[in-house]
Every structure is written in C-alpha cells, then in structure tokens.
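Record features, source TrEMBL:
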TRANSMEM  7-26  transmembrane segment
TRANSMEM  138-159  transmembrane segment
TRANSMEM  171-188  transmembrane segment
TRANSMEM  200-217  transmembrane segment
TRANSMEM  224-244  transmembrane segment
TRANSMEM  264-286  transmembrane segment
TRANSMEM  344-364  transmembrane segment
TRANSMEM  376-394  transmembrane segment
TRANSMEM  414-434  transmembrane segment
TRANSMEM  441-464  transmembrane segment
TRANSMEM  494-513  transmembrane segment
Amino acid sequence: MSKILKLLLIAAFFNALTWIVLIPVWQYPDEQAHFAQVQDIAELRKVPINNVDTSYEIALSEKILGTQRDGFGNNKYTYHPEYKIDFSETKTGLFEESIINLPISSRTTLVKHESTFNPPIYYIMSSVVYKLFYTGNLFVRIFAIRVMSAAIFIGTIFLTYKIGKIIFYKYYGLSLVLSSLVAFKPMLVYSSSGILPDSLVNLLFTIMIYIGLKIVINGLRKEYIALFVAVTLIGIMTRQQFLLSVPMVLTALITRTILIKKEWKALIIFFSLTISVFIFFTLFGTKIPIISSFRIHELTSLKFGELFNLSYISYLTSSFSKFYRETFVWYWGVYKWLSLTMPLTFYRIIKVLLLLAGIGIAVNIFDKLRRTKIELACLVFFVLCSLLYFWILITWDYFFYRNSGYSFGIQGRYFFPLVIAHLTILLMGLWQIFRVILQKYAIFGVIFISILMMIFNDLSLYHVSGSYYDTSSLDKFVTQVSQYKPKLLKGPPILLIVVVNLTLQLCLVYYLGKYVLKKANKNYN
C-alpha cells in the first residue's frame, strides 16, 4: 500500500470521526431504532416479536434528547431545523447523569415498540462491539459502534481505490482522486458513520461492482462466481434489498457480450440459473431464514402488465421531477431528521459540475468508440447499472403506491449503494472536459474537484453542527459538544480531533498535488 493511499485512509477515518463526535446522539437516520435492535441481540440474543422491543434506557434518552416520536412519527426536530435541546453551562448535560446512572436492568426493561427488524449481520457485528464496551454507559456503547461503522466505510474507500485502478489504469492519480471523492462526500460520510447498516450494505455493493468490472474485462470465471455467491449470501443477511445488486452482474455479462466478446452461452446459463433460483424461492420459499431471504416478496403481487399503462408512465415522469427537486438535494445532503439542507448555492455549483460531466461523458463515449472497447464497456456498465437501479427503485415504489395508497418515499441515501459508479461517471466526464481544456495539465483540474469535495465536506459539517450548537464562541461550542458524550470525548479531545482532521486534509492535498506535479510534464492523451 502506497504512503499516499495510507494518508488518504487515515484522513478519511479522522474525517468520519469528526462527524461522529459532532453529530449528537440519535441524530443519524433512525439511529435509536437500529441501536435498539443491536441492544436486543446483545442483551436478549433476539429481537422480541411482540408489542415492545425497545429498552427504558433508550426511551428515556430519546425523551431527554428530543427524538421521542409522537403519534404521527415525528419528533421535536422533524420540520424544525431551528430546534436545539437545552444545554447546561458545564461539559455535562442537564440530564446526562440521569441516563448514565441508570441500572443495567434498564437495558432489558422493554417499554415500547421502535426497534428495527432487519437481517442480522450488521447487528451481530455491532453487538460484539456493544459487549466489548458493556461496562460503559449508553454514550460509550453508542460511540463505539459508530466507530465500527466508520471502519467499515474505510473498507469501501480502499475498494474504491482498487476499482479506480481498473478504470483509470493509465492515470494512477485518478484512482486516488476517485477515492477522495468517496471519502469526503459529506452525505455519504454522514450515512456511513452512524449506527445503521448502510456502511456495510455500501461496502458489499462496492464488492459487487468490483466483481462486475472483472467480469466485463475478463469474462465469467469460477472465482468471480464463488465471490458473487458469498457476497450475495452476506448481503441478503444484511439487508434483503441487497438482491438489487444481482442484476449488476447480469448487466456486466450483457455489456461484455455485446461490446467485447460474444459469450452468449455463459450469459444465458448464468441468467437462467439466477432467475430460476429466485423464482423457486419466491414461489416455494420456506421459513428457513437464509433460504427465505432469497424470496422477492413483492414478485407474486406484481402485475407486469401495468408497466405499459399510462399511470405507470405518468408515475415515472413525476418521479424524475421529484428526483430533480427533492431527492437530488437529499443525495448531496439532508440532515437533522430530514429538516436541514445546505444553502442553494452549493447545489447550483454541483449541478454545473454535473452538466460539465455530462458533456464530458458524451465526448468520452465518442472518443472511446475510436479507441479501446474495454474502457467503453466499463463506462457503459456503470451507466446501465445506475439507470437499472434507479428504474427498479421507482418501479417498486410505484407498486407500493398502488397497493398502499401512498409512496414509500425514496431518500437520497437509498442510491448510495452505487455511489462509486456515480462518482466514477462524474470523474470520467470531468476528466474528459479537463483534457480538452487543460490538455496535459488536466490532472490538476480533477485535483481541484477533489479539493472542492473536501471543502464541501467541511462546510457541510460546520453547517450541520452549527444547527445543534452555539458557534458564537469556541468555548461555548466545545462546552455544548461535550455534553451527552463519553468522558474521552469531552473538552480538549474534541478540538484535537477537529484539528487533526483538517491537518490531514491539508497534508493529503499537498502530497496529492506533489505527486501529480511529477507527472505534469507527461502528455495524458
């Protein structure tokens, strides 16, 4: 592993750690519900299947911290980005001792129903960390599991680097730039550093992307099939929606067969076997946990004829409009229980960059038609996977709407399993534009994009933390951040983590720039 890659991974970890420290307890998406499942598995070895599954310890902390839901599922933060809890004048919260001094029995005294009931892999992993810090108070256990999620996220960044080396094999610096875009995309960091299975799901999807790329380039091999089966098993035991990753491998085979080498036999056999497995378990699924996880529960209720109805076409159209107006914003950053977004200027800048990238992709495709089929196939694979994933999500939401009368609601982070594909497409487009404008100095253009992402990350974190704490003075800020935290994260350690984070980012920019400066005299055409 190169020194600059190590620096990138360390900088990414400290950036995630800064988010972990500055985001208050229960402020990640449904964090208290996910923690309840972790606690149930750690304390009871199961999630109770009855009316109550959440402990008094969690319920009391929710009431104190303003995240207790009302009859409509809302809390004090919902639709109220200005809301802040009452802080004390010391580094200990007004009611912090009430939570810390709860007896151990409060962890198993179940008082309400709020726990998630997701597949177990992430929660089993988290329960191990929970038990390692069992003697610690609620805040110690929460922050320990958050750090575990961040560590998983680092794995995604490392694998992104490996994918970047495959895509940008001619330009080493671009794989580092791609990794940095993933490492510092603020909403991705946010959703990957809390107590929720997103970090593990995104890592497993990234492995599937890696498998797909290998298939596009090398064809279907035994080792790829074995890895595909293993990751699929782990994935569906993490989230049942992981089945959405399976079409990616089929897409890889189709892309290779059409653009590179005619391998219709392998495609037909793999496609037939995969479809047969899912149809069999869907129609004749048993109650055996692993087997039943392969069932596509909605398949038996789908009416495929409706895909040709005007109502479906209308729903698709409105979904595209909603994606542009709402989901796009959420994809790039929505916080504080969906009540807080960044200023509009940020999203306008992003849209300009996306427009440039789109132009670049068009030029890129035309350019690659005259060059290597491998590069074109990789680009087509990413684009097709992204479009297919979007179509499946919207179509599923359409049938959910038809059956229930209301939309399930597609959040921006639901698209993060394919974020590596999205950012690769973005980088490929911008790289093509910069090659035209800056020629052999094009690498400096994408380095600048990497710097912009870091700035976006830091400003997002400042904006979000400022919505929770008083930022009028450093002393007040540190005092408020220290409340409802483990002792290790009170006072000076908070500033130390922030300073180390910013210092590492500056070092990363310096050494990344230093590396590409050595390459600037080469022609990247």
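Any Cβ shown, glycine's included, is placed from N, Cα and C.
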Contact call for the transmembrane segment (376-394) and the transmembrane segment (171-188): at least 3 Cβ pairs under 8 Å, seq gap 6+: no
The transmembrane segment (414-434) and the transmembrane segment (200-217) contact flag, 3+ Cβ pairs under 8 angstroms: yes
Maximum Cβ pairs under 8 Å to the transmembrane segment (441-464) - stretch from the list 138-159, 171-188, 344-364, 494-513: 171-188
Contact set, same chain, for the transmembrane segment (200-217): CB under 8 Å, 6 or more residues outside the stretch: 121-122, 125, 149, 152-153, 155-156, 159-160, 162-163, 166-167, 188, 192, 224, 227-228, 231, 234-235, 238-239, 241-242, 245, 248-249, 251-253, 255-256, 260, 374, 377-378, 381, 385, 416-421
Intrachain neighbours beyond the transmembrane segment (138-159), with Cβ under 8 angstroms and 6 or more residues off its ends: 5, 8-9, 12-13, 16-17, 20, 25, 28, 35, 38, 57-58, 61, 99-100, 102, 125-126, 129-130, 132, 179, 182-183, 189, 192-196, 199-200, 202-203, 206-207, 210, 420, 484-486, 489
